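In Swiss-Prot this protein carries:
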ACT_SITE  461  active site, for protease activity
BINDING   1347, 1428, 1429  Mg(2+) 2 binding site
BINDING   1611, 1653, 1686  Mg(2+) 3 binding site
COMPBIAS  153-165  compositional bias 'Low complexity'
COMPBIAS  402-418  compositional bias 'Low complexity'
COMPBIAS  961-970  compositional bias 'Low complexity'
DOMAIN    660-836  domain 'Integrase catalytic'
DOMAIN    1339-1477  domain 'Reverse transcriptase Ty1/copia-type'
DOMAIN    1611-1753  domain 'RNase H Ty1/copia-type'
REGION    1-93  region 'Disordered'
REGION    126-173  region 'Disordered'
REGION    299-401  region 'RNA-binding'
REGION    352-421  region 'Disordered'
REGION    583-640  region 'Integrase-type zinc finger-like'
REGION    957-1088  region 'Disordered'
REGION    1093-1112  region 'Disordered'
REGION    1131-1188  region 'Disordered'
MOTIF     1179-1213  motif 'Bipartite nuclear localization signal'
């Protein structure tokens, strides 16, 4: 703070009390907000201490002897030497005299106009006119913290103020903010007190102790003006000064009034939070105290609901009342009135011996027929009981409290008592919020008779609903025999003699009448506060008076013992005859026996037995009606609970909720069986089983021991298997409490590393683990049976377990009617591949000892192999098991090898028939393979199958060759011969293989040339109307329809052997199987479900059937399907392709490279087609096709070593391990400022002021929302460190230019025990938002955007958490307890989600869409919620306004954009810049955001001043050489990659779906930041900068469309190189509008293009179904779902019923599951040409022309 001077005001002399600090005492970067309340208190203490040490005698003092006047008098003092203030420029007490004040004169003589002082501090000068702090005293900010708050003295201390003379008077600090005014006023008042002006300070009633003189008024005005500049005054202060600028006294009076109000609220909150009750005081007094506090807080705007109040009350209960905490903790809707009923019941039970009450406790959980309610008045509320019973047929019943018929009750009626002594009560104020006024309470000096009656007084009862009195001479207008039943707290009847009026004559000379009941059967005369409230009279226990609502005092309240009383002297007597009233028959009703008493007497039998016994007179002396059965149902006998304790019952079907709550493979049961003794060491002794709760799918794993690492290996395996094979994440695993499950290693692995909740069984409750226990029992039963049946040794016991598991997974459950495999989405078990356990077989010995040694070894089949397509077979002679397919079944009736009779072999027809199809399948493949072995080739055919399974081939055997033809009979013989040999089947099975297309045909084998051949390559079926042996000059070749790679590969279908003298080269088909011809289409579904884009068999020649012409197969059942599916494609943003002219093919042998030529991977991470076959009919591409326009001259951009952009896996890269560790330590990108950056050291003054304003706004909001407990500060040493959360202020500038400050918690270092990891913080999914926007455009919806300020602070926090105040506040050793969900906490998001979700459902009538969190809807409005942002969609704008009105009742809701205009409206929704014209179009972009963010990335933009036309280059590959850089440079580059790819990912997944392939591929190289990777990343950012103005364009759907159309377009790029996986991509469209896209690597390794395409489609189906459900929920129109792919072979597999196509274990399972999903979800599978497949941009880099062609229809 800079020093100030008043050189411009010469009239201000040495009498001025100005304060300042010189520039030498304050640092240059002093924080302007460092002057906090705590610092001001420190200053007060130091000032008071310093002043109290200096005293003078009256003789030496200039203070007059008049004790009622504290104004200083003139005194002769030496003139100042070097300034107006001697003694180190500090103003002494004697200098504040009229000699200095006379300069001011009368207030009318003020030498300058009011409040014209400059708002800035005065610059320092050589002759400063302000006092300085002496070094001995110190600055106000350097004094230690005071022990307690300061208080101001009242009039009683005025005399001492006069006599004490203080040498130094410390001036108050300068006011720097309107928010600091309350604290500043306290220091200013302290300044006045230290200046001997304490007598002029207003007291509680707003008046000073003595009058103020003109000189004092002038001094008061000038000092206030100097230290409180006008620009920092609150509005209410300015309003007072605008009327009278010298009325400082009014300002002080109002400030003191505000302080007193704040003090009362603070004291009430502290009192309520620290309630204690043990029954030592009457329950009525305790109830009155609590309810009065709650009433005051509610009237002051601090709402205390029933739930919070009950928790605070119960927390303070002790002794006999403590059990109420546990008996009522499940009652969610308990009220304060109900709780006090229980407290009263216990209290009265304790007083039973004195008041003759029954000696048993009333059950707190009993249902009550009465309730308490708060009267809805503006005055303090009075608690009353409802006088109505639940049964309206009975007469009215009133409830009275403190009822007693004790004979000790006094009956005298004395209207006068001795004068009560009052005892002052000093209100402790920890926060120094009041001025120290002392309040008094009228109490009777009697404390030892808490149960005695105060004679001549009425007891004030807040619990009584009626007034009762024993004396009759005060009752007016009495009537006998009233039809009123009165009961006490124990529901006992009180006889009533009469009813009348009770008339009061109060101090204000007014008469008031209330109803009264007469009864002599009570201990005290009760005055009901409820009836007083009905006549506008309330009891103020703060002032201890009865008063009206306008504040008129009627009568004093006397506290005697623990109760409050009102004198009877205010009652008016009546002339009624007492005998008239008392002559009423008062027969006491018969009292019933309490059930607990009878229960204990009859040996703790249950109520049903006792009741039945009494009804049948097996127990005499009393009847069933003599027992009070009201509490029998809910009564809990503690002795019975202890003595009869049993295990809880397991209800049948109790686990159904888990099956409904969890998805498949999310909830597992596991158990371990073992050990099995007397086994060889190689055999497992244990096994561990897993069972899925939903599907009942089982897994078993062998174990040799139960060590931690063994169990951990199994858990790692099963979790990885479920994640990769089923795309599921395990959430819960239930297990017993064995040490193998409860050890720290496994617990850490499950919870901390995988986020899995371990669910353990409770102690001695094995039945709770029934799923796993029953499975083990079943498997063991099967094991014993299998071993007995087969006669195999016991050490093969686990093989029997595994065989049983395979079978059990395939058997249907009687309940679900499905098997576990079907529930899991797997195909059924092919029993033809299964052998009986222990089936005798002969295994081929592939490595015999000699050539004459037998080639077969006897063995026993155990179970199918888990790791291959073979079978696990036990060989007794070798004492081992083998995994093989080279075996032959011994077909005999005997099942055991030791019983086998080789001389009596019989043919087992059943087994042969069962496995016939399987052996036929294997034999067919073996025949084909044997034929192919005779084909001569110049390359390795097997490698071609593995590396190029996608290339379409026409397998030509010698049967069709003129030089080497084979008769049909030869084939038949070979087939029979080969079928009996043990040739291993091929590893991969083509899904298109069946008996119809693999067995040789006589017709085909005898025909030398074929005129019409169809090939089922990756592109589907193509007609080849070309003779196979025609000369090349006349031959025509076909173009593969699958052009998904970066180059087009075309192949010749036939060669002329006569002219070329070359052997026919086979061309492989999809999947690596050799097809000699096209399979016959036998599936009727093929013609029904697929739209065939290839020509029919009788179609025209190929030149008239180009790829863009659609010629569907004409069948009687395909017309409607064709129309439906063509309508799906009609509105899609597909490119328009120009017609292509026929192409002449050159001589293939001139361009055909060697078959084994070097193969390269595709660019930018995609693995394209290998160039083993170059395009035979290829032509030179134009310059535009090859041009990329990315020709920046960089040394690293060379193509000498073209390799994949995939991370190198075959080489060890330097720093790879260090990279993984280093990335974890790299700090995230910080876009915000700290406090010191934004304020303390900020040199931009204007920005600094805006941040200061934002800071104060945030602090006020935190206080307004009651974020933390402001009543108590905690010491750090007393709190558990893990419950302490660091906090900080962060600052940032928003996109709209506003400056924002946010107080946040450091949730990144929050301890896991302080939050529930299972809670989820949900936000709206981007697909849900895009879907809602698309439907809004098609349906002319209004779109309204809202924002809820400080949303998280509306959610309460359940955990006990403390935060450290920000460091700049100087409270390093203190903590404050959180009450609200502060921003930054782990649980804040989940808490807010639950809060707003509950409000939207209950108050706004919304419901959340199942499966789509944060999407709410009703019949008119749809809401998308993203934290505190809300997007409302509705056809009627009034419906949106109605929701907004409801939200504003609870939350601070801002309307960002109402959306009512019919012109184009611009939105900024979750980062998307949207332009929307209702009923016409919608454009989505991020131009402004990218323009702001990209230049901050420090990327060299436009290196050659030209724009890029594509984001990447085809043919450019990353060098895989080792990366050798130092550690610091490595971290820096990784950090840079994170920033670049992070921004690109954000933009890509928002709307730039055309960039997702490049983003996904480069993201895999963040840990490999080579120069080449960085350059490619720069090019991507450069392309984003050049195209930052591009937008995703949507147009309104045609109004004639009857339904919604949801389409997924799929594509895949096959990865056919070792160590690399395929790339898959999907684009989703709703009514022709692109709403999302995905590009990623395949999670499974694919062995062919067809498998990659199937995997891509299968990945799109779940999201497609989810989107379909969302669309149907938001829009009730019918929906048509379509799947588009450019692979006809994939479509053929999906719609086929041929089970032979699903032999492959993984591929077959996925294909079968996909087929079921397509059929079950009514998906239309359509074919789309590759050149029109817009999903092609998601799987590979494309040339500029192709890239533009595929994207310019939907993004431009």
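Every residue gets a Cβ built from N, Cα and C, even glycine.
Features recorded in Swiss-Prot, as mapped to the structure shown.
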| residue | record | Cβ within 10 Å |
| --- | --- | --- |
| 461 | active site, for protease activity | 27 |
| 1347 | Mg(2+) 2 binding site | 15 |
| 1428 | Mg(2+) 2 binding site | 19 |
| 1429 | Mg(2+) 2 binding site | 18 |
| 1611 | Mg(2+) 3 binding site | 30 |
| 1653 | Mg(2+) 3 binding site | 32 |
| 1686 | Mg(2+) 3 binding site | 28 |
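Residue 1611 (Mg(2+) 3 binding site) has 1429 as its nearest neighbour among the recorded positions 461, 1347, 1428, 1429, going by CA to CA distance.
Residue counts of the region 'Integrase-type zinc finger-like' (583-640) by helix, strand and coil are 22 helix, 4 strand, 32 coil (DSSP-based). DSSP assignment over the domain 'RNase H Ty1/copia-type' (1611-1753) gives 70 helix, 32 strand, 41 coil. In the three-state DSSP scheme, residue 1347 (Mg(2+) 2 binding site) falls into the strand class. In this model, the motif 'Bipartite nuclear localization signal' (1179-1213) carries an average pLDDT of 37. The CA atom of residue 1429 (Mg(2+) 2 binding site) is located 41 Å away from the CA atom of residue 1686 (Mg(2+) 3 binding site). Taking only the Cα positions, the spacing between residue 1686 (Mg(2+) 3 binding site) and residue 1428 (Mg(2+) 2 binding site) is 43 angstrom.
Broken down with DSSP, the domain 'Reverse transcriptase Ty1/copia-type' (1339-1477) shows 34 helix, 49 strand, 56 coil. The two recorded residues, residue 461 (active site, for protease activity) and residue 1428 (Mg(2+) 2 binding site), show a Cα separation of 48 Å. In this structure the C-alpha atoms belonging to residue 1347 (Mg(2+) 2 binding site) and residue 1653 (Mg(2+) 3 binding site) are separated by 44 Å. Geometry remark: residue 1428 (Mg(2+) 2 binding site) versus residue 1653 (Mg(2+) 3 binding site), CA distance 41 Å. In the three-state DSSP scheme, residue 461 (active site, for protease activity) is classed as strand. Neighbours of the Mg(2+) 2 site: apart from 1347, 1428, 1429, residues of the same chain with C-beta atoms within 8 angstroms of the site's C-beta centroid are 1346, 1348, 1351, 1426, 1427, 1430, 1454, 1456.
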